[in-house]
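The following features are taken from TrEMBL:
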BINDING   H69, D107, H315, E319  divalent metal cation binding site
Amino acid sequence: RSFMNLRDVVSALNNFASLSLAESWDNVGLLVEPSPPHTVNTLFLTNDLTEEVMEEAVQKKADLILSYHPPIFTPLKRVTWKTWKERLVVRALENRMGIYSPHTAYDAVPHGVNNWLTKGLGACTSIPLRPSTAPSHPAEGTHRVEFCANNTEHLDTVLSKIKTIQEISCLVTLPVRVEGEEQTRVSLNCSQKALLEVVALLSQDNLYHKTEILLLQKPLLPHNGMGRLCTLSEPVSLSDIIERVKNHLKLPHVRLAMGAGKTLESPVKKAALCAGSGSSILKGTEADLYLTGEMSHHDILDAVANGISVILCEHSNTERGFLSELRDMLAIHLLNKVNIIVSEKDRDPLQVA
């Protein structure tokens, strides 16, 4: 089997799911990097990087660990042997292993974790509950400024001043008639910083009263985003859905909160789901069922009062099964140049006692 340079693997992983899709609070990408050059023969996949899983990665001679959850989340002030997360970094570097974490970038992509979770419901169509926004504006700048002027000479002076401001683009002038009077309409795109300078200039030149300032929105990306709203091809009883979910996630049991006025025979046509901890994404969504890993007590009470049943599977159980599907997708994506293995020690920390 051939191998790949770490930088090339990371670049391919970023390409598989753009890190710009991750939530702003998240900590994604390459978190630990051994000194270059570093080659990757074995890529090791896990949902959580615990010390037990790290031991397994060392035994399996992994060169790069892909941990879905970021093992470094809050900043480390030191790297000692004192806390378990610091020890992970020490062991990774001593054994020349990189650590990469995709987390919410994998939640958002169409071929990601939430999409895998929808397969537990049976045949359905799904759309993101909260679509992702594009990483940048289609045109340069965050704002558009438009104003009118009737004095051409005066306008030429203003325009020459505007042209000295940095971060201005798409500057266009158009002749228009306003209340029978010949005027010039000016529009331009600019950054937040340039906007302040443009506004200062226009207010100085008495043009500000005719000015419109528009905030440019980043476009939404279709099929990418957090959570999924699934419409089942055929309505299915709640008890059937429970069995399907248990089969898909390979779980002996799940936790169920029955919606007010609902029974196990009640039909489920619309289901809202979110891998992991889904309250903030699911809240307020109209559906027959919420499916997620964990939810707070009060959010469950809210859902139930609104006649929505809730199935909870524990946080990592709604994510871990995706890893075997990921292994197959990454094998193709990395052109079979890297040996990819899934952790056998990675498991949910909770059990029924």
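Numbering starts at 1 and runs along the chain as it is shown here.
Cβ atoms here come from the backbone N, Cα and C positions, even for glycine.
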Entry from the binding-site residues list H69, H315 having the most other CB atoms no farther than 10 A: H315
Additional residues surrounding divalent metal cation, by Cβ distance to the H69, D107, H315, E319 centre under 8 Å: N47, Y68, H103, V113, A275, G276, S277, G293, S316, T318
Number of Cβ atoms other than its own within 10 Å, given for E319 (divalent metal cation binding site): 26
Which same-chain residues, if any, lie at least 6 apart from D107 (divalent metal cation binding site) yet have Cβ under 8 Å of it: V113, N114, M226, C274, A275, G276
